[in-house]
Amino acid sequence: MEAKKLTNMATTQTAPNSICISKYLHSLSQTPQRLRKRMLATWTPDQELNQVRQRSGADMKRKLQWYDLVALGVGGMLGVGVFVTTGTAALEKSGPSVFISFIIAGISALLSSLCYTEFSVQIPVAGGAFSYLRVTFGEFVGYFAGANILMEYVLSNAAVARTFTEYLSSAFGVHNSTTAWRVQVDGLVNGYDMLDFPAVALILLLTLCLCHSTKESSILNLIMTVFHVVFFAFIIIAGFLHGSPNNLVRPDGLTPHGVRGLLDGAAGVYFSYIGYDSVSTMAEEIQTPSKSLPVGIVGSVLIVSVLYCLMALSLCFMVPYNKISESASFSMAFQHIGWKWAANVVGAGACLGIVASLLVAMLGQARYLCVLGRARLVPPWFAQVHPSRGTPLNATLFLGLCTATIALFTELKIVVEMINLGVLLVFYLVANALIYRKYVMISHNPPSHTFLFLFLLSSCALGFSISWQFHEQWWNLSIFGGSMIIITALFQYMVPCLRQDTEWSVPFMPWPAAMSVFLNVFLMSTLKTSAFQTFGIWACMITLFYVLYGVHSTFKAEEFEMGVNEVNPNSSILQPKVDIQVI
């Protein structure tokens, strides 16, 4: 009798599992049909702003002003870039002309930030590039961009946290900052064998801070950023006063690797500018998005570009480029000129800047995952917003743990080029999306004209990049560069663009977006082959996840919401009814 009861219990417990498995297998059999329906399905901006956002349960608190955004943008970029990438770029690629590499990368970032700004004003939600691309090119392109931005955030935050340990050790006077305060484990692969527990502790501490409140985190960032800019001014002035302009031409001239080294360096330091993307993800927490977002995004990029160039110049004033240290380069530079006390101060100031950068980047990554959860492309658990704190608690905790785990093992040099490739690809897609949206979705021109222009534009950029990489004659480069200018001019003349009734839009379209497309393709081409190989593996993984989970989850969510609206047309949560548009 007892055995019979146990058998019945086991049957009862396993039955639901069998039903779930059979349902999932049935869903997999419907994959081709669902892919055709979902991959190009778009949402309207109104649905992104209302219907999709309400899936988080509670709204994020609107407490941020324009100065908060400028501080978030500046804080998010300063610590990451100048302390992490400058030394390596100067030593291996650009030489003393690394400041010119920062100018080139800054121009590309400014053009991309203009595209971001127009989208963020029209669609002020936390999804950033994911939301912009989903309303333009459909669900899969938006998901692909969102997954890549998430990858970039997690890897870069982990790598930057390890750089924090290097500067922290130099602040305490430790000269061998690469191995100090880390635990070497024999038997692990080189590059993953130095365990960094201070970096893990920093990530976990910031995660707890971000779970508490966005406004308080913003105030903390604002205070740190003010001190950080003052600290930057000290380094710049000290470098110019106690360095020597002769170091700019020693030992091999201003550009030891020529123009090629300049542009390769620009691709290397582009990692420094990725923080402005975090500003656009704060759109749901801003009191006046249409006025504050343009100031916050564009203003922070301009301020940071000037500071980067001056900092790079001061470094090369103090130390000949071939003697710059890859790790804690600014601290080592002050030791080189005999200012050991200043080296300790620089280490402490760099730690402060890195903390500010991590704070902003971790704000952004949680909001990306939250919006992916709203779209049902990842489990909806990640979309939940805490009702009293107004923060995406689940997404923040999960990504904080992921970042801390990677920070324990992985060196920056292993992941930096893959990060740059992912970011440049997303910025390339956003620039294309802005052109398509303005000339097709808003101006109602035939899509074929715009698609032809985008194809020819990317082809010219690719031809120019290949010619550059294979050291072709200058006339080849002139042909592709000139073709890009002619094609853009013809498109502007032949395809009309309606003016929008918005408070801010990108001026002189399509030129800024077209130049952004061209520069992003070119900078991608300067990255190493290994970056493309690793990125290819990542792209296959996220595509497989979409096919096995994302497309079925969004298909069922659409069916459910349409069914509820038919039963209860007065529902305040699910109105307006989902209107899937297929391009």
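Just so you know, glycine gets a Cβ as well, placed from its N, Cα and C.
Predicted automatically and left uncurated, TrEMBL annotations should be read as such.
The domain 'Cationic amino acid transporter C-terminal' annotation in TrEMBL covers 504-553. The transmembrane segment annotation in TrEMBL covers 69-91, 97-119, 131-151, 194-212, 219-241, 295-321, 341-364, 418-436, 448-468, 474-494, 506-525, 531-549.
Predicted-model confidence for the domain 'Cationic amino acid transporter C-terminal' (504-553) is 88, expressed as mean pLDDT. If one looks beyond the transmembrane segment (194-212) by at least 6 residues along the same chain, the residues whose Cβ comes under 8 Å of a Cβ in the stretch are 157-158, 161-162, 164-165, 168, 179, 181-185, 220, 355, 358-359, 362-363, 366, 386, 389, 391, 393, 396-397, 400-401, 403-405, 407-409, 411. Taking every listed stretch (131-151, 219-241, 295-321, 506-525) in turn, the largest tally of C-beta pairs under 8 A with the transmembrane segment (97-119) is reached by 295-321. Between the transmembrane segment (219-241) and the transmembrane segment (474-494) there are fewer than 3 Cβ pairs closer than 8 Å, counting only pairs 6 or more residues apart in sequence, which means the two stretches are not in contact.
At the 8 Å Cβ threshold, with sequence separation of at least 6, the transmembrane segment (506-525) lacks contact with the transmembrane segment (531-549), having fewer than 3 such pairs. Within its own chain, the transmembrane segment (131-151) is flanked in space by residues 38-45, 48, 116, 119-120, 123, 125, 277, 365, 368-369, 371-372, 375, 377, 399, 419, 422-423, 425-426, 429-430, 432-434, 436-437, 441, 538-539, 542-543, 545-546, 550, 554, 582-583, which lie at least six positions past its ends and keep a Cβ under 8 Å from the stretch. Beyond the transmembrane segment (418-436), the same-chain residues lying 6 or more positions past its ends with a Cβ under 8 Å from any Cβ of the stretch are 108, 111-112, 115-116, 118-119, 129, 132-133, 136-137, 141, 145, 148-149, 151-152, 155-156, 159, 267-268, 270-271, 274, 277, 447, 450-451, 453-454, 458, 506, 509-510, 513-514, 516-517, 520-521, 523-524, 527, 531-532, 534-535, 538.
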